[in-house]
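Quick notes on the structure that follows.
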Amino acid sequence: MHKSKCIKRVFTFLLALFVFVMAIPATKVSAAGGTDRSATQVVSDMRVGWNIGNSLDSFGQSYNFPYTSLNETYWGNPATTKALIDEVAKAGFNTIRIPVSWGQYTTGSDYQIPDFVMNRVKEVVDYCIVNDMYVILNSHHDINSDYCFYVPNNANKDRSEKYFKSIWTQIAKEFKNYDYHLVFETMNEPRLVGHGEEWWFPRNNPSNDIREAVACINDYNQVALDAIRATGGNNATRCVMVPGYDASIEGCMTDGFKMPNDTASGRLILSVHAYIPYYFALASDTYVTRFDDNLKYDIDSFFNDLNSKFLSRNIPVVVGETSATNRNNTAERVKWADYYWGRAARYSNVAMVLWDNNIYQNNSAGSDGECHMYIDRNSLQWKDPEIISTIMKHVDGTPATINGKEIPSTEQPDPTPVDPDPTPVDPDPTPVDPDPTPVDPDPQPVDPTPVSGALKAEYTINNWGSGYQVLIKVKNDSASRVDGWTLKISKSEVKIDSSWCVNIAEEGGYYVITPMSWNSSLEPSASVDFGIQGSGSIGTSVNISVQ
């Protein structure tokens, strides 16, 4: 063989090999950085996300279980494409939540996930990873009226634990080499399906059924987390999101809910959903189409709640679903987005993820609460770009491209919380009056109530004539930890209609205020914030005794 021919053949082979390698689709799965970022760092970097709703979470009829082909398009949406994810990234979103209903495909008593499902989910995850985006991967409609692969009650606890251990072991193994950009979410809106309190319950006085459900949800979060950690690799320190009952603010604020124990430090994130204000954002029967100042109360209360129990204790929060249904009121939804995301931007450890189900057109009355399309998945055009640009101005100042037009950058907001004394939460998430009387914008600060011992009580009165709120702070000024505390207020001075973050009892002529389990202990210099709300009139000061 002539040397020149040999060289030519070698060159030809190498060229062909090069062309072949270059033809292989590049999928960036970064494991180099591992999962060495804390939950606070990850959530701070996430900031704003978008849901691929009604896609991989779509499910078919239970009589066809187990499905042997994907139901991704079963609810009428097109299959997710990389082009769609590219457009979402261009608009400024850096987080994608991928809801997946795994159970409908599982086989055997050990709930095996078929390869065709896992491969497709991985493909969509990689669409996001190559865009340098965060991904939230969850177990979605595995509890509903058609499928109940888990149920939060003691009667179904054993099989539910088995389900979570199995699917999360499989999912975690498949993605164990992905870096911190992949976040797992144990469950979506776990609840008692069909129960009278499926979607709401009084947080300070839950029924026995709800108490049992909350305890089971705590257990399922722990089982799922343990299964993920046991797979090792990057999963040993991967960030994991966990919800409370129905992922609502009531579900995480009720006294029985707790974050799971974790072998990794600082890797847990609270998952909560908030379509608020409810009458504006989600309601279909009684609803309002205008977002005015009176509706800001629900949003303020929501963040103040989160701050009191989680954010102030260095537990970051992802609002995994939020949106306001399209009631043919784009200008009002722009106001809503401006206030909601502006409020979130005060906290460095909160990320917001917009729900999108690809349904846009409402009826003529605007009464449908499920119209949450922001980008048309067929045309890849944003439907109400002014809403998206309004959201982005509160994120990080990075220019975004929406429908081919670059949106100018804005000054980055200060992520530091500016409201250390939170406005209270209305314990009823479905208020009778959608236009509540606003709180006096100029509240009356009152000097601290002098007390003996280690604790000091401070309060501020918000008085609007027909009602009032008293925001109370109890602080430990001693050098020792205080376990348990009690406050008393005379009934002659206040009439308490509702409260938040505390328990209220009556004793003769006094209201007796005691803490929840999670805020009963105060370290030196620590404090706890809570409040009471009443109707009628109130003076300029009240006498609070601390015991």
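Placed from the backbone N, Cα and C atoms, the Cβ positions cover glycine too.
Predicted, not measured: the structure shown is a model, and the values here were computed from it.
Going by Swiss-Prot, these are the annotated features:
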ACT_SITE  Glu189  active site, proton donor
ACT_SITE  Glu321  active site, nucleophile
REGION    398-450  region 'Disordered'
DOMAIN    448-547  domain 'CBM2'
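Counting every protein chain shown, 24 other Cβ atoms lie within 10 Å of the Cβ of the residue listed as 'active site, nucleophile'. Regional average pLDDT for the domain 'CBM2' (448-547) in the model is 80. Neighbours of the residue listed as 'active site, proton donor', defined as other CB atoms within 10 A of its CB across all chains, total 22. According to DSSP, Glu321 (active site, nucleophile) sits within a strand segment.
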